[in-house]
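Here is what Swiss-Prot says about this protein:
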- Asp162: active site (ACT_SITE)
- Asp179: active site (ACT_SITE)
- 38-58: transmembrane segment (TRANSMEM)
- 73-93: transmembrane segment (TRANSMEM)
- 98-118: transmembrane segment (TRANSMEM)
- 120-140: transmembrane segment (TRANSMEM)
- 177-197: transmembrane segment (TRANSMEM)
Amino acid sequence: MIKQFFSNVYEGIKHYSNYLWELSKKQLIKIYLNKKHLIWKISIILICAFIVLLTSFLTRNSILNATQSYWELIPGFLVINITGNTGVSFGTLGDSNPSLVYFVQSIPIVLGFFVLLFSSNYLLDIGVSLVFFGGLSNIIDRSIVDNYKYLSGISTNNAVVDYFQFPFIKNSAIFNFPDTFVIIGMIFVGIQIIISFVKDYKKEKDSEENKKPIKDVVLDEERNKTKKEPIKKPIVIQKS
């Protein structure tokens with residue numbers, strides 16, 4: 001009985017895997033045989049990569065050459081507070097093993113890669129590209145060990161260079177440009193999910209309104225069959 005159970009489970013997984021593979025092939029063919037869509041997709045990915053990587057590492061280089069670790073950028077709203085973040089975004093997992101941090105930080109990158117591979121929506125491509133390259137920037141940043149030119153006591157060993165902070169929020173997390181791009185990307189993805197949900201809802205609603213119940217159709221047919229023609233009044237000819 002146990003052997004039969006595992007055999008059925010194996011066959012089910014095999015069948016479902018084949019189904020997913022066939023579905024994936026159809027989606028890939030649909031995306032990558034459309035030359036116009038492919039050009040737009042590649043352009044979006046390259047533009048997002050250029051913006052995220054250039055902004056992130058130019059800013060990082062400027063921070064490494066800073067002469068002070070704290071100053072107001074926008075008084076009362078945004079300050080520069082330089083720190084080395086050994087965790088993931090916004091200081092999460094700060095005291096964890098570096099291997100665990102690298103693993104957790106790589107998850108959205110791997111997921112983002114597969115979403116980009118199968119996505120056929122431009123807004124989703126923008127959002128996922130920002131998340132992908134934002135996460136990639138942080139991993140690259142963490143793997144580079146640099147020394148601050150003028151500052152001391154801040155380590156870059158297995159740490160991401162963080163610098164932005166909101167002073168009006170108590171115990172506000174310190175973040176950087178890659179984190180910002182990840183958040184913006186997630187907002188784009190959320191917007192696309194809402195748009196898709198609304199479109200599907202309207203489509204389903206319109207379909208229900210246009211689809212007449214079978215019972216009503218049968219009743220209409222029966223009425224048409226039993227409907228009698230109007231009785232013509234006999235013409236009476238009066239004799240003179």
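Using N, Cα and C of the backbone, Cβ positions are placed for all residues, glycine too.
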Against which stretches of its own chain does the transmembrane segment (120-140) lie, if we need a Cβ under 8 Å and a gap of at least six residues from its ends?
27, 30-31, 37, 40-41, 44-45, 48-49, 52-53, 56-57, 88-89, 102, 105-106, 108-109, 112-113, 160, 176-182, 184-192, 195
Roughly how many Å separate the Cα of Asp162 (active site) from that of Asp179 (active site), to the nearest whole number?
9
I'd like the number of other C-beta atoms within 10 A of the C-beta of Asp179 (active site), please.
23
If H, G and I count as helix, E and B as strand, and all else as coil, what does DSSP give for Asp179 (active site)?
helix
